[in-house]
Amino acid sequence: MTLRNASLTAVAALTVALAGGAVAQDASTAPGTTAPAGSSYHTNEAAPAAADTAPAAEAADEPAAEEAEAGEAEVTEEPAATETPAEEPAADEPAATEEPDAEAEPAAEEAQATTEEAPAEEPAAEEPAAEEPAEEPAADAPAEEAAAEEAPAEPEAAAEEPAAEEPEATEEEAPAEEAAAEEAPAEEVVEDEAAADHGDAAAQEAGDSHAAAHIEDISFSFEGPFGKFDQHQLQRGLQVYTEVCSACHGLRYVPLRTLADEGGPQLPEDQVRAYAANFDITDPETEEDRPRVPTDHFPTVSGEGMGPDLSLMAKARAGFHGPYGTGLSQLFNGIGGPEYIHAVLTGYDGEEKEEAGAVLYHNAAFAGNWIQMAAPLSDDQVTYEDGTPATVDQMATDVAAFLMWTAEPKMMDRKQVGFVSVIFLIVLAALLYLTNKKLWQPIKHPRKPE
């Protein structure tokens, strides 16, 4: 491949040199004197010019041939190279063709310089230049073919190089895109893991704060198998409920007449009627509002923003001392509902936040630690008739005891009946044992005959 390119380049350089010599010879003639196209003047002058340019072309061909031989020597040193030029790598063709072309370019530039120096007014000089290429069609044809072959070869090589580079670029871009695509899910996974860890940490903190909220065990008078309600405490609790809690919470399951029952607040009958008259109720027969009577129940408070009914709240929160197990803890310590109510009423620390358009208040005893009910109690909010200091702790204890009574209004009677029943069963068991022993005594230990 290298030898062919070198020979073609030499032929092209020779042709260009001949054309340049002819043009220079025509330019040396005097202006106004022209020779016939077929005269011996042109033939005699063209021969020395050709003879002069031939050594120059040969001198130019010698370095090209030497370089071509050097290139062949380098190619033959490679083990993969063979004698056929077609098997050589396509990447070597541009390098081999460019070296001779670089040497042929100075000759072409010299020829162009001579043509530019020639006057444009000499038509006779142009005619021999046009005739001489026609005289050597055999030499021009290989040169043109070589130029045609070289011209497509270079674009093809140039096209092959970008084409070879483009797959590499696409291959490089593809891993880069894949890496970016992998990094994006990886970042999402990391963010999801971070968000999950943050959520777990928040949930753990919430659980820890809720678990850490200790509900203190208060020694109420009604706890234990022999406990009973404190009448004065129930009356104070009724006062706290009426003045503070009844605005948002009802006692729909508690009849007003039970306020006079033994074991409860034990209010006089006239006070019970006066207390009931403070609440109105719609008469189902006349469909008109009337004052309540002792046979009616406490009002039911319902509507948006109202709290739950407190009739059975002390038993609904009975999880402090059980409820699973043998029941001995509940027997001696109670069910834990009043302690929970007391803890909620005294568990506010003043912290609050706004969420979803609602204001929430931090409460250490409430599930989740945030409650929508504001702190209902404050010191000296209620004035007790018996002169007891109205502290938050005292009012919370009193109303918790009162709500325990509303959930268990017959607790003292139940305990009394239970105590009597247990004593009776103990006595009955003793009598049955003695009776059984008396009946089986003659059979187990018969008398011996005398």
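Here the Cβ of each residue, glycine as well, is placed from N, Cα and C on the backbone.
What Swiss-Prot says about this one:
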- 1-21: signal peptide (SIGNAL)
- 24-210: region 'Disordered' (REGION)
- 24-58: compositional bias 'Low complexity' (COMPBIAS)
- 59-77: compositional bias 'Acidic residues' (COMPBIAS)
- 85-108: compositional bias 'Acidic residues' (COMPBIAS)
- 118-194: compositional bias 'Acidic residues' (COMPBIAS)
- C245, C248, H249, M373: heme c binding site (BINDING)
- 284-305: region 'Disordered' (REGION)
- 421-435: transmembrane segment (TRANSMEM)
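Locations of recorded Swiss-Prot features on the structure.
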residue	record	Cβ neighbours (10 Å)
C245	heme c binding site	21
C248	heme c binding site	15
H249	heme c binding site	20
M373	heme c binding site	16
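Apart from C245, C248, H249, M373, the residues listed for heme c, the same chain places the Cβ atoms of V244, S246, A247, V301, M306, G307, L310, P376 within 8 Å of the centroid of those Cβ atoms. Here heme c is bound by C245, C248, H249, M373 per the record. The longest Cα to Cα distance in that group is 12 Å. Summarised by DSSP class, the composition of the region 'Disordered' (284-305) is 0 helix, 4 strand, 18 coil.
Under DSSP, C248 (heme c binding site) is assigned to coil, being neither helix nor strand in the three-state scheme.
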